[in-house]
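Scroll down for the structure; my scribbles are underneath it.
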Amino acid sequence: METSRAAAEARDAADPLAGFRARFAGTDDSAADGAPNRLLYLDGNSLGRMPRETPAALTRVVEQEWAGGLVGSWSAWIGHATRLGDALASGVLGARSGEVLVADSTSVNLYKLLVAAADARPGRDVIVACADDFPTDRYIVAGVAAARGMTVRELPADLDEGLDPAVLAAALDERVAVVVLSSVAYRSGALHDVAAVTRLVHDAGALVLWDLSHAAGAVEIDLAGAEADLAVGCTYKYLNGGPGAPAFLYVRRDLQDQLRQPIWGWFGQRDQFEMGPAYDPVPGIERFAVGTPPVLAMAAVEVGIGLIAEAGMGALAAKGRALGELIVALADEWLAPHGVALASPRDAGRRGAHVTVAHPAAWQLTQALIDRGVVPDFRTPDRVRLGPAPLYTRFVDVWDAMDRFRGVLESGEFANYPAEHARVT
Ligand SMILES: *Cc1c(COP(=O)(O)O)cnc(C)c1O
């Protein structure tokens with residue numbers, strides 16, 4: 001690969017998604033270009049940038065719908081969770097209409113769907129999970145298993161390469177009720193073949209619950225084609241819905257009426273406003289709702305999903321792979337001589353849209369980079385995670401960030417930063 005800055009500029013000039021960058025706050029490049037500390041944001045996989053349309057969308061809901069329409073606005077708001085779910089289904093997840101709902105947090109949705117899935121496989125007492133999955137996934141699996149007297153088979157996974165499908169295959173038997181996996185590993189970016197793994201799990205008679213938090217908006221997903229059972233994920237990462245934005249859940253259409261979720265709230269009730277005496281879940285995806293949805297936050301989610309759908313997941317995924325390949329090429333050339341190792345799959349086809357590198361002083365390097373305007377994040381045990389969200393990150397941004405990374409290593413200044421971790425990394 002040609003790794004000059006001029007080559008990166010040429011790729012930006014030819015990028016069909018280039019126009020989307022200006023639709024995000026903080027991207028006024030004409031003013032900032034050339035400034036030595038121009039912000040290079042490589043953490044869109046933790047908190048996506050704010051779309052410029054978002055404040056107006058929020059203001060509209062606040063001033064017209066809340067201040068003006070008051071309680072009468074509920075006639076429109078009541079449909080937002082499924083309307084946004086349908087937008088996600090068609091624009092991002094490759095699911096069918098009526099299979100996705102925007103609600104609650106990823107953690108809570110994982111709990112609801114995991115309990116529902118375990119209930120749907122009576123007589124099976126094992127949940128299979130990955131030892132290197134995101135903490136909330138591991139904790140929720142452990143908590144559900146403890147409450148139900150089930151056993152967790154926590155499969156070892158390589159921190160850099162992810163879970164080997166052969167290890168998963170060997171762990172599947174007639175005791176397994178549910179398998180919980182992240183399609184893109186939060187630390188390394190290792191990518192599962194969702195369709196192949198789903199087939200493997202189905203052959204064992206179990207259900208699979210995918211966490212798509214690091215995949216939605218980063219890679220192409222075809223839940224319908226994979227015949228995936230269940231999925232959850234965030235909207236505040238690549239989908240740019242804002243901090244704490246509500247999450248999504250997916251339940252394949254034919255499973256919906258067989259499944260019961262454990263939080264019996266009134267938003268999942270048939271004829272909700274009949275205020276009936278006993279819980280009787282409504283048919284369809286809305287039975288997986290619990291209580292009143294966060295209407296303000298959903299207005300921001302809608303803008304984020306709209307931009308991703310407009311760009312198209314094919315183009316976004318291709319650019320995500322290309323940005324990752326540039327990171328890998330520059331890391332090989334500039335960082336490896338300083339003891340920085342690639343900590344992600346080398347093959348772009350086996351990665352999501354982020355790339356991780358390892359160095360014993362990763363935490364100090366992260367602080368030094370942030371002081372120089374490069375925002376990655378630190379992940380245990382010794383990783384620097386670089387997440388160039390393809391919707392608004394340019395090839396030159398990656399090039400400049402890697403150039404500053406090289407400078408931090410060459411100067412050795414990172415060693416002056418404290419080794420103790422901050423509360424938020
Ligand atoms: C970010 C992330 C979450 C976050 O869950 P919240 O309930 O939104 O805090 C969960 N799972 C994975 C895999 C993630 O990457």
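Heads up, residue numbers simply count up from 1 along the chain you see.
Using the three backbone atoms N, Cα and C, a Cβ is placed for every residue, glycine included.
Record features, source TrEMBL:
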{"type": "BINDING", "residues": "Thr106, Ser107, Phe134, Pro135, Thr136, Asp137, Asp211, His214, Tyr236, Trp266, Thr292", "note": "pyridoxal 5'-phosphate binding site"}
{"type": "MOD_RES", "residues": "Lys237", "note": "N6-(pyridoxal phosphate)lysine"}
Checklist entry - From the Cα of the residue listed as 'N6-(pyridoxal phosphate)lysine' across to the Cα of Phe134 (pyridoxal 5'-phosphate binding site), what is the distance in angstrom? => result 14
Checklist entry - Which three-state DSSP class does Thr136 (pyridoxal 5'-phosphate binding site) fall into? => result helix
Checklist outcome for this item: If you measure between the CA atoms of Thr106 (pyridoxal 5'-phosphate binding site) and Lys237 (N6-(pyridoxal phosphate)lysine) and round to the nearest Å, you get 12
Checklist entry - Just how spread out is the pyridoxal 5'-phosphate site if you go by the largest Cα to Cα distance in Å among Thr106, Ser107, Phe134, Pro135, Thr136, Asp137, Asp211, His214, Tyr236, Trp266, Thr292? => result 31
Item to check | The one of Thr106, Thr136 whose CB sees the fewest other CB atoms within 10 Å, among these binding-site residues | outcome: Thr136
Next on the checklist: For a quick check of understanding: among the binding-site residues Phe134, Tyr236, which residue's Cβ has the most other Cβ atoms within 10 Å?
Outcome noted: Tyr236
Checklist entry - Just how many other Cβ atoms lie inside 10 Å of the Cβ on Asp211 (pyridoxal 5'-phosphate binding site)? => result 26
Checklist entry - What three-state class does DSSP give Thr106 (pyridoxal 5'-phosphate binding site)? => result helix
Item to check | Fewest other C-beta atoms within 10 angstroms, as judged across Lys237, Thr292, which are the recorded positions | outcome: Thr292
